[in-house]
C-alpha cells in the first residue's frame, strides 16, 4: 500500500508477481479447504447427515441470495449490530473523555472498571431476558456492554496520550475547553478510538449472533437455532458461512474506514520521521 | 456503596441489593453445587484454554515459518477467524454429539484463532538480521526456534492468548446454556427461568470473579514470560 511510484520502479515491477503468487496460493488454499469439506462426507469419514458436502451448502447459499427473507434476516442482524456498536461507541467516547481528562475521576473509577470489564457479557443474557423479554433491546444490552469496554479502554489510553507540552501550550494560548478538546484531545485520541471501534465491531457482531442464538432475537442466529431444531442441517451451515462472510466484510470495512480517517496519521502514512 | 444504598431505598424486582446477592452467593455456590457445576465448568475451561494455546502456538509456528504454507492457508484462516465462534456451537454439537468433549472442542474452536494468527504474525516478523546471524553461527533448527523465533514472537503470542481467554470464557458459558445438563451457564439460565433473581445475580457475580481471576493469572504469567520485553520497553521510553 505504500505509494512510491516514481522512486522505485524496480521493486514495483516485482511486486505484482509476488502478489499474484500470493493470490494463487490463497485461492488454492480455499479450494483445497472446500475440496476437503466435499470429500469428508463423500468418503464417509463424517456422516453426511451432520456435515453436508460443500457443493450442497454453496448451492443452497446461492438460492438463499435470491430470497428476500434471507436479506431481511441479514438486515436484522446488521441493524442490531450497528445500533449496539453506535451506542457503545458514543457512550464510551463521551464517558471515556470525561474520565480520562479528570485524574480524580480516573482514580475513583479505576477499580470499578477493572471489576466490571472482565465480566463476560454472555453472563448478562439472563438479566437481559428478564429486563426486555425476547426482544431486540435484550440483544442490544449485551452488544453494547461487550463493545463498550473495548472502545472505553482505548479512549482512556488515547486521552492519556495527549502531549503535556501541547496541552500546556494550548492552555496558555487561552484556547477554550471546547476548542482544546476539538483540536488537541480528539486528534490525539482518534487512532486509539479507531482501534477500539474496530475491535468493538468484531465483538459486537459476535455478541449479536450470540444473542440471536440464545435469546431468539430475530436474525441469522435465530435461523440457525430453528434450522437445527428442524433437523435442516444444510441451512445451519449456510448461515454459519453467512455469519463468517459478515465478519469478513465488517473487518474489511473497518480497516478501510481506519485508513481514511487516519490518512494524516503516522501509522497510516508510514513515513519515517527521522 | 451507591449500589447498596440505592438497592435498599428502591427495592426492585430485577436488581436486588448486594447483601441479598452475597447471601444467595454463599447459599448457592458453597456446598454440593460447587462440585456439581463450578468444577466441571472450570475443568472444561482450563482444558480448552490449554489445548487452544498449545495448538495455536505449534501450528502457528509451523505456518509462520513456511512461506508457501502461510500463503496457502491465509485466506482460509482469515475466514475462520471472521466466523463468530458462537455459531459454531450448533454445528459442533451436531458433528460430535452432546457431551463434555464437545464443549471442550467448542472452546478450542473459538479460542484457537487469536493465538494461531498472532503466532503466525509474530513468527513472521522475526528480525531478519537475527535470523541470518543465528544461521551463520550454525544454530540448529531447534535451537533457532527455542532461542530466537519463539522469544521474539512471544509478545504477540501473549496478546493472542489474552484475547482467547475472554473468548474461551464466553464460549464455556454459551455451550452450557445450549445443552442443559450441568455447569455455570446452565445454572444461571435455570435460575433465570425460575425467577430466582438473587441466585441469578450471584451466578453473574461468580462469572465476573472467574473473569477477574483469569485476567489476574494471565497478568502474572505475562509478567513472568515477557519480563525481558517490558524491560526493553522501559529502557526505550526512558
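Any Cβ shown, glycine's included, is placed from N, Cα and C.
Remember, it's a predicted structure, so these values are computed and weren't measured experimentally.
Nonlocal intrachain contacts for the transmembrane segment (A:20-40), taken as residues 6+ away from its ends with a CB within less than 8 angstroms of a stretch CB, comprise 46, 51, 53-55, 58. Among the features that TrEMBL reports, transmembrane segment is placed at A:20-40 (among others).
Look at TrEMBL and you will find A:78-258 tagged as domain 'ABC transmembrane type-1'.
Summarising the annotation, TrEMBL assigns transmembrane segment to A:81-103 (among others). With a cut-off of 8 Å between Cβ atoms, the residues of this chain six or more beyond the transmembrane segment (A:81-103) that come close are 109, 139-140, 143-152, 154-156, 158-160, 181, 185, 189, 193, 196-197, 200-201, 204-205, 207-208, 250.
What TrEMBL lists as transmembrane segment is A:115-134 (among others). Tertiary neighbourhood of the transmembrane segment (A:115-134): same-chain residues 141-142, 145-146, 149, 153, 207, 210-211, 214-217, selected by CB-CB distance under 8 Å and a gap of 6+ residues from either end.
The transmembrane segment annotation in TrEMBL covers A:140-160 (among others). Sequence-distant neighbours of the transmembrane segment (A:140-160) (same chain, 6+ residues past either end, Cβ-Cβ under 8 Å): 80-81, 83-85, 87-89, 91-93, 95-97, 99-101, 106, 113, 116-117, 121-122, 124-125, 127-128, 131-132, 185, 188-193, 195-197, 199-201, 203-204, 206-208, 210-211.
The transmembrane segment annotation in TrEMBL covers A:199-224 (among others). Listed as Cβ neighbours of the transmembrane segment (A:199-224) (distance under 8 Å, sequence separation of 6 or more from its ends, same chain) are residues 73-74, 76-77, 80-81, 84-85, 88-89, 92, 121-122, 125, 128-129, 134-136, 138-139, 142-143, 146-148, 150-151, 154, 235-236, 239-240, 242-243, 246-247, 250-251, 254.
Remote same-chain residues near the transmembrane segment (A:236-257) are listed as 51-52, 57, 60-61, 64, 74, 77-78, 81, 194, 197-198, 201-202, 205, 209, 220-221, 223-224, 227-228 (criterion: CB distance under 8 Å, separation of at least six residues from the stretch ends). Residues or ranges marked as transmembrane segment in TrEMBL: A:236-257 (among others).
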